[in-house]
Structures are given as C-alpha cells and as structure tokens.
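Copied from Swiss-Prot, the annotated features are:
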ACT_SITE  Lys194  active site, proton acceptor
BINDING   Ser14, Tyr15, His35, Lys109, Ala142, Arg258, Val282, Glu284  NADPH binding site
BINDING   Lys109, Gly138, Thr140, Lys194, Asp247, Ser257, Arg258, Asn259  sn-glycerol 3-phosphate binding site
Amino acid sequence: MNSTVSMTVIGAGSYGTSLAITLARNGHNVVLWGHNPEHVGALQRVRCNQKFLPDVSFPDSLLLETDLIKALTASRDILVVVPSHVFGEVLKQIKPHLRPDSRIVWATKGLEADTGRLLQDVAREILGNEIPLAVLSGPTFAKELAAGLPTAIAISATESAFGDGLQQLFHCGKSFRVYKNPDFIGVQLGGAVKNVIAIGAGISDGMGFGANARTALITRGLAEMSRLGAALGADPSTFMGMAGLGDLVLTCTDNQSRNRRFGMMLGQGISVEEAQYQIGQVVEGYRNTKEVRALANRANVEMPIAEQIYQILYCNKNVIEAAQALLGRARKDESDNVRS
C-alpha cells in the first residue's frame, strides 16, 4: 500500500461502502476496512458489496484491507462510518495506530449510547484536543449514493483547511454536491434528531393518519430539532439546510429509511422487538430516541414528539395514546418555538 491513498474508510456496511465508492469514482485511491475479515474477503473476491449494494461494482481504486494497522497508516485522513452506539469503542480501537498527522471525519449519525453526548465530545475525550475533526451529514441513502444518483450533503470541520480538503475530495460536479457549514454542533445534531422524528412519521403512516399528519410531524419535529440546537449553541439556520431539513424530509418520507419502516411497523401494531428483527439492520433511531431525550432533559428543552416516541419504545405506551397526547396538548402560537 502506498502514500497516494486519499482516505481510509472504517466501516464496510452499506453507507461506508457507498462513500468509499464515491471517493474512488472521483479518482482517489481509497482503503475500505471492516471488522469482519470474512465479509471484507468476500468484498475483495467479488468486487462488490453483495449484502448491501449487490448491483454496484467497485472501482479499481477502491482497495480492501483486513489489517487495521495497515489501513490506518495508509492515509492521513480517516473516515469513520459505524453505528453510533459503537462509535466510541471504534475510536478507542483505532487510536493506538493513528499516524501523528491523522485527521478524523465521521459520517456516523447519532449521539453517544446512554449518555446522549455529541460525538465530538466522545472524540475529544478519546483522541484529545489536538487532532482535527470533521463530520459529514445530510440526506443520503446508501443505494442512491453508490449508484451515482445526484446527492447533496454538508461537511463541518474544526479546522477550515480540513473542511476545504474534504469538500474537494468528495465533491463531484456530475452527481455529488458538498456544502461546507461552520456549525459543527448543528451538523451533528440534525443527523441524530431526524432519526427520532422519522420513527414518528412512520408510526403516523402505519396508523393510516395520512399526508397531513406526516407533514405536521415533520414541521413540528423540525421545531424540536431547532430548539434543542439553539440550547446547545448551534446556528438555527443549519437546521434549514442539508443536515437538518434535508435529512429530516428524506428519512420521514421514503421507505428506504429503516427508521421510517420501523415506525410504520409499530403503527401497524407490531412489537418493538419484532419490528427490529424484521428490519434486519441497525435502527439508529431506536437508541437515538433515548439519547436525544437525555440530551434534551439536560438542556431543559421540551421535545413533545421525541418524548412520546420514547414512551412508545421504552415504556410500552400504546401508539394511539401517544398520538392523543400530542393532539391534546394545549393551544399555542406557531411562532412560540423557543420553549414549546
């Protein structure tokens, strides 16, 4: 492996693979590492991810690696694409093998398991304050990205030069548009809250409530996202962009979203456990709901939709009762978004 590798991707699931394919299509040498050697070996043999993206062949410049140390030393820039509940553990695993000049970017959407901390806080605690960090977030379904369909996304970095470099690496005038955003907190937060609201939109559709109700949930969900962001110091305008409204609309309205499909099953009377089993992949919003609630409680921010979804997922509340609780709330002015 040589020094011309532009990026090492940690995580060979559907999203990690699709981002690696995108970078390789842009003419960059990319290393893709996964924790399961058998899975990575299969990717190398058939030159595609048959499990998640069976119709997309790997470009020649996408290199597979089973040795973590070789993968991490191949490139200065490391893209972490793993579920949020293992994000911290993965950073601990890679830390001893990072190069002195390494920089970390993640496309993981969510918060730290159980604590609800932002992933930037997890990264700083594990990796220290000196290493440059960045986050990639926005409305991206892996299959469409891997197929080269037009997509737009946001990047935020702790160092401007790092953000500029990432924008240049990922940006492709034919299909992939990348917007820089200086709001590091807001870009992270949008990707976590939208998962929760997408479950709610799915529940609503599963109950047969229709397009009016779904749109109301999206709109009021955006208000909850913005309130929490403001309390944490985010720029409110971020939530009208790719990492906020863009990702929220995508995951609330399209059945490629696991969170939405999970919610639809709940709305149809399927149990939480059975719905997770039927999805067959990680439903980020399940854990994100608990984490967002913890974060909102610490920030003293009211998030009624997120609270009712938490009650359904973790307190066995009936979906009809949860819907009635939201519809029966006190009358308010729409502009009263600061507190409620």
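The backbone N, Cα and C atoms fix where each Cβ goes, and this holds for glycine too.
Because the structure is a prediction, the values reported are computed rather than measured.
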Practice task
Pick out which of the recorded positions His35, Lys109, Lys194, Arg258 has the most other Cβ atoms within 10 Å of its own Cβ.
Solution key: Lys194
Fill in the blank from the handout: Greatest Cα separation in angstrom, residues Ser14, Tyr15, His35, Lys109, Ala142, Arg258, Val282, Glu284 binding NADPH per the record, works out to 22
Exercise for the section: Determine the Cβ neighbour count for Ala142 (NADPH binding site): the number of other Cβ atoms within 10 Å of its Cβ. Expected result: 21
Fill in the blank from the handout: Checking the binding-site residues Ser14, Thr140, Ser257, Asn259 for other Cβ atoms within 10 Å of each Cβ, the smallest tally belongs to Ser14
Practice task
Could you check which of these binding-site residues, Ser14, Tyr15, His35, Arg258, Val282, Glu284, sit within 10 Å of Thr140 (sn-glycerol 3-phosphate binding site), going Cα to Cα?
Solution key: Tyr15
Exercise for the section: Measure from the CA atom of Asp247 (sn-glycerol 3-phosphate binding site) to the CA atom of the residue listed as 'active site, proton acceptor' and give the result in Å, rounded to a whole number. Expected result: 7
Handout entry: Alpha-carbon distance [Ser257 (sn-glycerol 3-phosphate binding site); Tyr15 (NADPH binding site)] in Å
Key = 12
Practice task
Give the maximum pairwise CA distance in Å, whole number, for the residues Lys109, Gly138, Thr140, Lys194, Asp247, Ser257, Arg258, Asn259 listed as binding sn-glycerol 3-phosphate.
Solution key: 16
Practice task
Please report the number of other Cβ atoms within 10 Å of the Cβ of Val282 (NADPH binding site).
Solution key: 17
Practice task
Measure from the Cβ of Asp247 (sn-glycerol 3-phosphate binding site) and count the other Cβ atoms within 10 Å, all protein chains considered.
Solution key: 28
Fill in the blank from the handout: Ser257 (sn-glycerol 3-phosphate binding site) sits from Ala142 (NADPH binding site) (Cα to Cα, rounded, in Å) at a distance of 10
Practice task
Pop the Cα-Cα gap between Asn259 (sn-glycerol 3-phosphate binding site) and Val282 (NADPH binding site) into the table, whole Å please.
Solution key: 9
Handout entry: Euclidean distance between Cα atoms of Lys109 (NADPH binding site) and Asp247 (sn-glycerol 3-phosphate binding site), Å
Key = 11
